[in-house]
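These come from TrEMBL:
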- 12-30: transmembrane segment (TRANSMEM)
- 50-71: transmembrane segment (TRANSMEM)
- 91-110: transmembrane segment (TRANSMEM)
- 130-151: transmembrane segment (TRANSMEM)
- 163-183: transmembrane segment (TRANSMEM)
- 195-214: transmembrane segment (TRANSMEM)
- 252-270: transmembrane segment (TRANSMEM)
Amino acid sequence: MGSLVGHVVPGVGFLIIGLWHLFNHIMLHARSPSSYSSLTWFPAPGIRHLELFLIMFGSTVSVAMELFIGPQRGQPLDSYGSIPSNHLHNFEHSLISISFFTYAGFALIFDRAAAPPAVLDPTKARAGAVLGLTQLVGAVAFSLQLLLFHLHSTDHMGLEGHYHLLLQVVVLVSLATTLIGIGHPRSFMVGFLRSASILFQGIWFVVMGVMLWTPGLIPKGCFLNGEDGHFVVRCHEDEALLRAKALVNIEFSTYVIGATIFSISLYLVLTKLYGSNVEYQCLDTGITAHKPTLGHGHGEVDEQK
């Protein structure tokens, strides 16, 4: 990371995974609300483990970029074999990537070790354990991501640190929903919120990369300054820094609203396309009514006493 490409590329990865999860969670719930379960990954048509392969590939490329391709010496160590201060962040970023590689690897192993149909049914004891363990490893990955961004060796007080502070809020949501999903695998809201938070992680990574390393987008009174082999945004005065942080808060809030509108709109559209009949029961009379969901026209309502 630490550059435009270093934030935009992983951001696109999170964005794609988040969209993929959001689509699948909504579609599965719309088709069969009673049998819905909140999965941590979804089989792709043709290549069942495509999502996991992409996570492992992206994580491997990220580690290679941080530790071998990015450093001028082709490796991050100094002549004494120790880690210089200007490469500490490379190891931090690499550990995050390794944690997600570990998650994808175990998810792949669990799926191949168990019968695929059983893995998708959390009501069975073994399937429930497999699903819970997969979510646990995913939670560990989000935990490390949150910890390492919180204890980041790069700027904490400047503008980049403020971007990372807001990112931690989003990662915390991803972590919390993953942990809650272990005990509540059938909760649609848990899966929906986790997917939306992963999507927003991707959006915010891309925004960070573009806003922090595009000279024309640097806030007034601030500038790009070369430090320890990478560029950092610095401000001439405290007032300029406070203004820049306030602009980031406005920016973050705007994207949160936009992501919320998009996620709910996607839910409405997919429910209309894939929705099935939903059963309603009147509280006072006990009459059961079968009413079509969005997108199934104005069918008749059947009443049974």
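In case you wondered, yes, glycine gets a Cβ from its N, Cα and C as well.
Residues 22-23, 26-27, 30, 166, 192, 196, 199-200, 203-204, 207, 294 of the same chain lie 6+ residues outside the transmembrane segment (252-270) yet bring a C-beta within less than 8 angstroms of a C-beta in it. The listed stretches are 91-110, 130-151, 163-183, 195-214; of these, 91-110 has the most Cβ pairs under 8 Å to the transmembrane segment (50-71). For the transmembrane segment (91-110), the list of distant contacts is 1-2, 6, 40-41, 49, 52-53, 55-56, 58-60, 62-63, 66-67, 76, 83, 119, 130, 133-134, 137-138, 140-141, 144-145, 148, 152-153: same-chain residues at least six beyond its ends, Cβ to Cβ under 8 Å.
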